[in-house]
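Engineer: Right, I'll just put the structure down here and ask away after.
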């Protein structure tokens, strides 16, 4: 069937900010979709609120709307653009729910727009728990016994029928949000209550426990001719009970019998047909009872999902790309395979390798959170590895996590473990925590049997045998300290790193590497080709293995290598992948062969056609150096970029240079200079710049002396970290001692850095480019919150709205002086604080920052592309002349009338609960906790801020009640904004002390009891919030460590029910402006292309006046 000719324009709904359960994989999927639609000659319209995505680059769509993904806003875009169709299946749950709302409110019918990729009936059948249960029954398959409920009374009645434990699954949520395992009535009240609230239809499925069953997924595609393919089978190593996003997974499924697989396949094909997905992909999850082989269907996603990205990277089959073509009317047999160029998409991929995905968690950011893994997803990222066998892939994936202790350790204890020790270790394997797989390996190493560990974990014995095989291989290595060739080859075939081998034979990693190279034991690089080498592969997508024959083809000119950022984590996310992708794209355009090294299956950078060659490898020195050597052997290497992927590649810079690898852009020496307190202070002194008083301490006595000299409060942090890891504001000596006692986990070989904390300062962020001579300031961002909240968690605005022109000039001059003094060649990010009109330098990061995408979108200048070209020898002057950078202005001299852009963050507190079941404290501080960001852009700040809040999931109310409870230090500054809220007609609710201050200033408020002071049936503020009687909260914390008192319980209640909460006076002021604007007029929607046109016109007008 040819492409539908009645479609001329398509609106794609993106997934919005990166959140747990819906992350970078939707940028990968969406970018593929946009490229397909453009190639087909369609007018492409995109709505996505996330500026850190590649898909929101203006070049990928004809009209790119960085606007809130709400039904109201998307309807405005439809009314303006009048698309023929909406494609909602590539933006995760956000896009699906928005599409359903547009159908329900009549907007699609009103404007004559159809859904493509999946229709409303198919979405409802796949997502509605009760409807899907009927689908499964009609297909002759089984679901787990279950009951649908819409209230707690119904849930309690269902519990008597199903019995405990049972699984709670809300409808229409993502990443298992609101789901869990209820072992008793208390659990049921807590989990089902949250689930009913999180489900947009207030619907929850209560399901019989199938804990301990084996869990599988099938990635399916179906076209309009009823051709169905199974793209990939995925098996969870963890049994049912741990969300698939938090489980170690493997592709293809390894422990299914052929009979079980065929049964599962038959069910999946019947289900996709019955649901009616006929122009796209879907994901179906199964559970198999290990003793009887009974198969039940768990759930279905009638859209491209998180697993689709993994399956695409695992197989080389671009699911999102093909799903988009199917939505346009093509059939699978009409779509060519990009990799082989000979087979159609109707050929199911065949794998001659094993893929393992391991999740990455961030519990260190939420120390109060319960680390138990359940059906609610908690991981913030993932790493993937490919090997010729399971053990090789598993070990490569584990070391790709880059976390201390993430790889297996095979050191045996000095004393042989006794029965009690073994029993204790086996007992630990029952705990479903992030340590589970390592606990399994330790128990087996100590002498536990596979049967014992299987009894404790329900992990399939085949996987346990493989882990036991690793322990046995470790013993072989231990018994051969001379490292004979057979031993080394065997170790490498099972994925042992040089560091692991060195640990076993008491040799340094470099010595092991020297022995290995002397024996010519090196990896070869195989190709992901979708067909198990049956046809030639035309896309060089490689993975390492200690096999015989390499498949890296010779190349004619030296390559440029870009090191990616590895698995997403808090502090290092999609923003860094953005810079890597831009560098690869612009360098290819400039005629270079580019090589990407990364291990993150979610990202655009690991798409097989972004770079000339892709190596899916861990970002360790050993693995990167082997790729370097492979490139050198087949055509040469110009150099390596380490400044684009965040802290991960930066940590490798010095070792790579020492090994003779040319580093492109900023040198390792300059990187170290910026981190070295003494050297950096010298640069600032020479430039006449000031820092907050500071010192460097190696022990508590030194730290105590420095803190007393500087004066409390002080900001304490380790060196060489990203995302404020381990950073804390300390108010007294006891807190300082507690911090240092715990800080060794953060960066053991580095001293603690101590700074005077500047209270009430305005924080300023700058992204700039320097070529050794000229500086281009990309943007100056003013933080909306005062200093003290990590820049990655703070809302900011560009251009700045309260900085005087002379401050902007001082910032610009300081930026250039620091870039020159440090010796930057490429990007630099600087943070300043303005206190009492004195400009202080907080820190300099000579690399791509997380704000580069935001600055690029806000100003229309591709900063990462410019940085890559500077790294290969171009100058700022040349880039201005070529139009890569503006010829007549930079981020400090933006034309008058430049739109205002606000960046707001998205926080994951609703995902994390304490062991008692309460939400963790949402109080922000100097350690970063946000997972993603959104952008609001408009002519004026007030509307841009309102858009950003709506996009982040916390739309501001225009009426209702405002609860106010502020610390003593904030009471004076809070009076005026609270008075203005009262004047707008908001009911003011406050606690006793705050109420008295407000009353003395002529502001009447309803007094509510503090939680600790409530008597009898008297409602507390937490009760009012939970009951929906509070619409906005203003709660500033007292100094010192936040007590688990009223403040915490107020914030926890607000997080649970999603009430917008302001914790600083400046944030309340911004909210006041936004609410006032919203009450006066409805905002317009404007595409980035229109904003850029306005910028060009304004710049031209100003240039002509000059």
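The backbone N, Cα and C atoms fix where each Cβ goes, and this holds for glycine too.
Dumping what Swiss-Prot says about this protein:
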REGION    1-402  region 'Carboxyphosphate synthetic domain'
BINDING   129, 169, 175, 176, 208, 210, 215, 241, 242, 243, 285, 299  ATP 1 binding site
DOMAIN    133-328  domain 'ATP-grasp 1'
BINDING   285, 299  Mg(2+) 1 binding site
BINDING   285, 299  Mn(2+) 1 binding site
BINDING   299, 301  Mg(2+) 2 binding site
BINDING   299, 301  Mn(2+) 2 binding site
REGION    403-550  region 'Oligomerization domain'
REGION    551-953  region 'Carbamoyl phosphate synthetic domain'
DOMAIN    681-872  domain 'ATP-grasp 2'
BINDING   717, 756, 758, 763, 788, 789, 790, 791, 831, 843  ATP 2 binding site
BINDING   831, 843  Mn(2+) 3 binding site
BINDING   831, 843  Mg(2+) 3 binding site
BINDING   843, 845  Mg(2+) 4 binding site
BINDING   843, 845  Mn(2+) 4 binding site
DOMAIN    954-1106  domain 'MGS-like'
Engineer: Let's check the environment of residue 215 (ATP 1 binding site): how many other CB atoms sit within 10 Å of its CB?
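Structural biologist: There are 23 such Cβ atoms around residue 215 (ATP 1 binding site).
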Engineer: Over the domain 'MGS-like' (954-1106), what is the model's mean pLDDT?
Structural biologist: 87
Engineer: Are any of 129, 242, 285, 758, 788, 845 (the binding-site residues) within 10 Å of residue 299 (Mg(2+) 1 binding site) when you go C-alpha to C-alpha, and if so which?
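Structural biologist: Matched binding-site residues: 129, 285, sequence order.
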Engineer: How would DSSP class residue 215 (ATP 1 binding site) in three states?
Structural biologist: strand
Engineer: For residue 758 (ATP 2 binding site) and residue 301 (Mg(2+) 2 binding site), what Cα-Cα distance in Å is obtained after rounding to a whole number?
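Structural biologist: Answer for this pair: 49 Å between alpha carbons.
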Engineer: In three-state terms from DSSP, label residue 129 (ATP 1 binding site) for me.
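Structural biologist: The residue in question, residue 129 (ATP 1 binding site), is helix (DSSP, three-state).
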Engineer: Among the binding-site residues listed here (129, 242, 717, 831, 843), which has the Cα closest to the Cα of residue 301 (Mg(2+) 2 binding site)?
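Structural biologist: Result for residue 301 (Mg(2+) 2 binding site): the nearest of the binding-site residues is 129.
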Engineer: Could you check which of these binding-site residues, 215, 242, 285, 831, sit within 10 Å of residue 845 (Mg(2+) 4 binding site), going Cα to Cα?
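Structural biologist: 831, listed in sequence order.
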Engineer: Based on DSSP, tally up the residues of the region 'Oligomerization domain' (403-550) by helix, strand and coil.
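Structural biologist: Helix/strand/coil tally for the region 'Oligomerization domain' (403-550): 74 helix, 10 strand, 64 coil.
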Engineer: Closest of the binding-site residues to residue 215 (ATP 1 binding site), Cα to Cα, picking from 788, 831, 843?
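Structural biologist: If we rank 788, 831, 843 by Cα distance to residue 215 (ATP 1 binding site), first place goes to 788.
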Engineer: State, in Å as a whole number, the widest CA to CA span among the ATP 2-binding residues 717, 756, 758, 763, 788, 789, 790, 791, 831, 843 given in the record.
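Structural biologist: Site span for ATP 2, by Cα atoms: 18 Å.
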Engineer: Within its own chain, what residues at least 6 apart in sequence put their Cβ under 8 Å from the Cβ of residue 831 (ATP 2 binding site), listed in sequence order?
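Structural biologist: Sequence-distant Cβ neighbours: 763, 764, 765, 766, 791, 841, 842, 843, 844.
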Engineer: How many whole Å apart are the CA atoms of residue 788 (ATP 2 binding site) and residue 242 (ATP 1 binding site)?
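Structural biologist: Cα to Cα, residue 788 (ATP 2 binding site) and residue 242 (ATP 1 binding site) are separated by 36 Å.
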Engineer: Measuring Cα to Cα, how many angstrom lie between residue 208 (ATP 1 binding site) and residue 717 (ATP 2 binding site)?
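Structural biologist: If we compare the Cα positions of residue 208 (ATP 1 binding site) and residue 717 (ATP 2 binding site), the gap is 48 Å.
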Engineer: Over all shown protein chains, what is the count of other CB atoms within 10 A of the CB belonging to residue 208 (ATP 1 binding site)?
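Structural biologist: I count 17 other Cβ atoms within 10 Å of it.
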Engineer: Relative to the Cα of residue 717 (ATP 2 binding site), which of the binding-site residues 129, 242, 285 has the closest Cα?
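Structural biologist: If we rank 129, 242, 285 by Cα distance to residue 717 (ATP 2 binding site), first place goes to 242.
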Engineer: Can you give me the Cα-Cα distance between residue 285 (ATP 1 binding site) and residue 790 (ATP 2 binding site) in Å, rounded to a whole number?
Structural biologist: 39
